[in-house]
């Protein structure tokens, strides 16, 4: 087997390790660091280093190595953590991430960035550690085999061996037996090569079923195992001490420690750092995050499988089909006579229930918790607030709320933008806040919750709120058509206009006015919309309302002539019977309908879509007031059928984009219905009116012959 | 001058015999490569698509997949276009797309040897010779061999979005 086969596993695991590391770093209490947490961070870096070494990703390995050394000092209390040091750690984490991505794309990582981060880390090691623990300078050359590999810039020699010596002192001369079970010869060779990096191999023997390697090493059993686990399964490797050769290797429990690593990460962590002296004894339960250290990904493997989205979508499709078939059968059965067919009817209702349950279960596969999105914000808030010199407390609510995976990925950018905006424009500087009688630290809340078939995501701050006057003044300045009588809601919506920003000065965080319009467009692209609530002096809440999934849509079915169409329910505001007095002709063929003192363009669906046999008299049809891209329209339809959830099917897979139609769906009787696209429909009806009213089939003919020739 | 697809002739020569699905449009017999055919359905439940050319009858639900339906009889300007129990839809798979074509009936599956496939002559306005891969001659029958791939992805059919549209 080729080692490249394991690349993907390594990349995925490393990515998860990095995410874990970031979480721990952010949760880390600088004043009183939790040793469990430091250990967890150390282990993530160590695992990455080990894996990177195995696969020959030198830059990644070297960076991780330097980082690991620093962390080792931190967990032994020799490096006093400060906020700026944690910032450097976070930066290093980003760098590791970049390098990982570079390797994943088959490129070499940015050498310049690598050298820069190395320098930063080495500097940090020199300044922070050399001063506090001068005795470490002495055994510098003691552990050459741990020293950084050859390509590393020279200065590394000054600092790195000094730190690794520490580890060496603790566990010098330790002899471990590493046993592999059920490992093929090729893999074994890899593993042994890997082990050689940790120390000297004293003896090795065995066969495929069980192969033992006796290793003299300075590395702990746990660490060796975590590296081995990049190549083989955790169950396949076991380590135990061969003979306790030194008094300094204290309670190194032989076997169970390693085997239990997954179940008892806390315990394992303590063992990997047995001689931490000045560590304050703390109950392991002191901090909740420590309960999920680096091994999360491995533990996760046993209870979850990775499946491609395509497969899941295929299942969703098939279940949708099943539901349709079931409802078709249901219709047939309902015409049967009840008494003689009791068992059939009972069976049908059971089938119906099971099919619905199945559909729900399948849909939930695509759902992932909002935590996936929220977890990246502590970092954003931390960086932005320090850049702006503001104090911000971030609170998140409803992290367990679930959302379709494709949506969570697309919500991150708009949400980041909103958070930055809130930090920059919403929350005032500490002095201003104090003057206003508020706590110096501003509060930013991210929340998510379900409401009906929607998910509501809110970004709220307790800042100054939006200023109506400033927005209006700015709008006039940019030539927008506004009036003082506009409702607050309408005024707030102005900030979504392109190029609109009321920020007094442009910062590199926000204020250029690009963005809010993009945010709105993105969210509309996901089938959602944005609301703003703001109270002067008390803060602003921006609410994003999104459908739970793109695969299912709440629709209103309407009938025009004999054809059924679906309107997305989120666009429907109200429906009414237009009276003659409210309809006005404008500039020739344009028609508007007055609804509550608002004049809405009338779009006759039968006209736009050439439906034969539809009601042509507006006063005898129904006007559905809909909203699309911020504008309202009155759609004339014949009949409202009702609300229903529909499964959205792409038209473009086998056909092409159709003007005025966003997608298609399959109705209960198995027929296809088109889902209307409101702005597209309006455009269509306008272009039809502009054209010199041809008979509809004729227009098709002309189109045909012109393209056919 | 005769025009024909050299590729197809070549393919037929290499692969020896080729199998075709024969269908009728009015009085004429046409044939398409059997490997392009996915299945054959009855004509029912087609949802009209507004503002599409009239030979695009609309879309239908093929086990959860939305498939456009093209009536070749309208496309080829046949006089009699009726939808009855005999009307069938041949579902073909071309260029990763699934398209249904409406024809008057499917008669049989034919195996043609390379020497039975003659180059297609330049035809009139009904169908450009670009979309023909040849003529199949069988005793007293003549089959028009249609290059269904080329036909359905052509700009004329308006089934596929063209670059720059």
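Keep in mind that glycine also has a Cβ here, set from the backbone N, Cα and C atoms.
What TrEMBL lists as domain 'HPt' is A:1-103.
According to DSSP, residue A:46 (phosphohistidine) sits within a helical segment. Marked as phosphohistidine by TrEMBL: A:46.
Here TrEMBL flags A:133-170 (among others) as region 'Disordered'.
The compositional bias 'Low complexity' annotation in TrEMBL covers A:138-147 (among others).
Per TrEMBL, region 'Disordered' is recorded for A:238-304 (among others).
Annotation source TrEMBL lists compositional bias 'Low complexity' at A:287-297 (among others).
Summarising the annotation, TrEMBL assigns domain 'Histidine kinase' to A:344-550.
What TrEMBL records for A:552-687 is domain 'CheW-like'.
Among the features that TrEMBL reports, region 'Disordered' is placed at A:685-709 (among others).
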Practice item. With DSSP as the yardstick, break the domain 'HPt' (A:1-103) down into helix, strand and coil residue counts. Key: 85 helix, 0 strand, 18 coil
Check your understanding: 10 Å Cβ neighbour count around residue A:46 (phosphohistidine)?
Key -> 26
Exercise for review: Pull the DSSP breakdown for the domain 'CheW-like' (A:552-687) and write it out as helix, strand, coil residue counts.
Suggested key: 23 helix, 72 strand, 41 coil
Practice item. Summarise the model confidence on the domain 'HPt' (A:1-103) as a single mean pLDDT, whole number. Key: 80
